[in-house]
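Per Swiss-Prot, the features are:
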{"type": "DOMAIN", "residues": "5-170", "note": "domain 'EngA-type G 1'"}
{"type": "BINDING", "residues": "11-18, 58-62, 123-126", "note": "GTP 1 binding site"}
{"type": "DOMAIN", "residues": "178-351", "note": "domain 'EngA-type G 2'"}
{"type": "BINDING", "residues": "184-191, 231-235, 296-299", "note": "GTP 2 binding site"}
{"type": "DOMAIN", "residues": "352-436", "note": "domain 'KH-like'"}
{"type": "REGION", "residues": "438-473", "note": "region 'Disordered'"}
Amino acid sequence: MSMKPVVALIGRPNVGKSTIFNQMTKTRQALVADLSGLTRDRQYGDATYNNKSFVVIDTGGIGEADDGRGSIDDYMSAQSHTAIHEADILVFVVDARAGMIGADAEIGKMLHTLGKPVYLVANKIDGVHDAAPAEFYALGLGEPYPMTASHGRGIANLLDDLTADMPEDVEEEDQGGLKLAIIGRPNVGKSTLVNRMLGEERVVVYDMPGTTRDSIYIPFERNGKNYVLIDTAGVRRRGRIDEKVEKFSVIKALQAIKDANVVVAVIDAQEGIVDQDLHMLGYALDAGRAMVVAINKWDGLSEDKKEMIRIELDRRFNFIPYVKVHFISALHGTNVGNLYPSIHKAYASSMFKVSTNRLTQILEDAVAANPPPMSGGRRIKLRYAHLGGHNPPIIVIHGNQTGSLPKSYQRYLENEFRKVFNLEGTPLKVEFKLNTNPYAGKKTTSSKKLRPGVSEARQKRRNMKYKKGSHKK
C-alpha cells in the first residue's frame, strides 16, 4: 500500500501559486486541512488527473528582502522549508510579467541542491512578449511551462508531464486486518508505542514500505486477531529508536487517518495537553474516524501532576466525551494491552448496523420523553429514522420543519442514540431530511374553489354534474 505523491507549489508571493492550487484541486474549497495555528499558511488539497491522485501543497510564499538581495535563508519562510522537504515533486512558479529577479535566482540555486524533480512554471504570460519566459532558462531548471493560471491555460500541459510517472489509482486489496493509525506530535512516544505493540506479541511481521513519506504498513497478529499498523513516524529496529530526530509530517498523519479504521492518538503526559494535540484530534474527528487516546509517559508522574492532567482532560476534551482515554507507559508497557479492547469497541461502534424499525422506535421514545419545540406556532414532527452510512455511523431522521430544530435538541437525539446503542469511541452524525409534499405549489384542476369539508374528488363530480345540467334546454 502506498501513499499519494506530494506536489509542493513554491515561489515568491503573488506569482499565482494559489490559483494553480485551485486549478489542480478543481475547487476553492478542496482543502484537506486548514492548518492555521499549526503550520502557519500551508494549505493541503487532493487532486486527481488522468486517474492519478496526488496531494498538492500551496506553501503561501517565499518572502522577498527589501533590497532584493540576501541568502536563501533570508527568503525562505519556515512553512515553505517544511513543505519542500515533505514533497516528492516541486513546482517552482515565477511571474512572467515581472521577469526574473534576485529572489527567483536564489530559490533556483537552492532547488538544485535537493535532488528532487522540479517543474518550472512561467505564469501570467497573457499580454507579455512570447520570448519573455526565455529569460528563466538561466535558472538551469529546463524549459518553463507557459501558463495563465487564472484562465486555466497551460495547466494541462504541466499535469501531463507532472503525472506521467505516477501510478494510476487502483482498488487496493484489503490488508486483512483492522487498520490502526498511530498519530501525535513529535517526541510523544509514537515509535516506542509502535515497537511495544509489535514487541513480544509479534507473530508474523514484515515491513511494507510506502513512498518517500516513510509511512509503513505493518501487518501483525495478536491473540488470534489480525491488525495492520500504520506507522507515520517510520518503524525503527529495536535498540535504534531515537525520537529526538522523529519528524512530524502533516501529510503522513492526514493520509494515515483517512486510511485507518481506528486512530490511536498519543499525548505526552509530561508536557501536558497543547493546542497541537487538539489539532490532531480535530483531524481525526473531521475524518469521522473511531478513536482511542493514549496519555503516554504516565509512569513517574507525581500524584499532583496526574490530578492536574485529569482536570485538564475534562476541560479540553469536552468535544469528544465519547472517546476512551488510557494512561500508559509505552516504554515500560504499562497498560498498553488495555488499548486493544477499546480499539475493538470503537471499531464495532463505528460499523454498527440496525434496522429502520428499531431506529424509528428509539426516535419515537425519545420524542415522547422530550417532544421537539414549537416552530411558527406548529410542533416540529419527526417521522422516522434510518441508517445512512458507517465509519462514522450516520443516522438520517425525516420529518417536517427539521431545519428549525435547535442544536440542543439535535444533541439530545444524538445522545439518546449513543446511550441506547452504547456507542463508544466513534463520532455519530445525525442528519435531518425535510419531508416534502409532492403536490405543494400545484394548482387544483377543479374549475371551482373547493367548498370547506369537501374532498377534491367529490367537488370534481359536482362540477361535472353542474356542467351537464347547464346544457339542458
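Any Cβ shown, glycine's included, is placed from N, Cα and C.
Annotated features, which come from Swiss-Prot, shown on the structure.
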{"residue": "G11", "record": "GTP 1 binding site", "CB count, 10 Å": "25"}
{"residue": "N14", "record": "GTP 1 binding site", "CB count, 10 Å": "12"}
{"residue": "K17", "record": "GTP 1 binding site", "CB count, 10 Å": "28"}
{"residue": "T59", "record": "GTP 1 binding site", "CB count, 10 Å": "27"}
{"residue": "I125", "record": "GTP 1 binding site", "CB count, 10 Å": "22"}
{"residue": "G184", "record": "GTP 2 binding site", "CB count, 10 Å": "26"}
{"residue": "N187", "record": "GTP 2 binding site", "CB count, 10 Å": "15"}
{"residue": "K190", "record": "GTP 2 binding site", "CB count, 10 Å": "26"}
{"residue": "W298", "record": "GTP 2 binding site", "CB count, 10 Å": "20"}
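If you compare Cα positions, I125 (GTP 1 binding site) sits closest to G184 out of the binding-site residues G184, K190, W298.
Residue counts for the domain 'KH-like' (352-436) under DSSP, helix first, then strand, then coil, are 32 helix, 26 strand, 27 coil. For the pair K17 (GTP 1 binding site) and G184 (GTP 2 binding site), the C-alpha distance works out to 30 angstrom.
Note on proximity: among G184, N187, K190, W298, the binding-site residues of the record, the Cα nearest N14 (GTP 1 binding site) is that of G184. Of the recorded residues, T59 (GTP 1 binding site) and W298 (GTP 2 binding site) place their C-alpha atoms 37 Å from one another.
A straight line from the CA of G184 (GTP 2 binding site) to the CA of G11 (GTP 1 binding site) spans 30 Å. The secondary structure of K17 (GTP 1 binding site), as reduced to three states from DSSP, is helical. A separation of roughly 34 Å, to the nearest angstrom, links the Cα atoms of K190 (GTP 2 binding site) and G11 (GTP 1 binding site). The two recorded residues W298 (GTP 2 binding site) and G11 (GTP 1 binding site) have their Cα atoms spaced 45 Å from each other.
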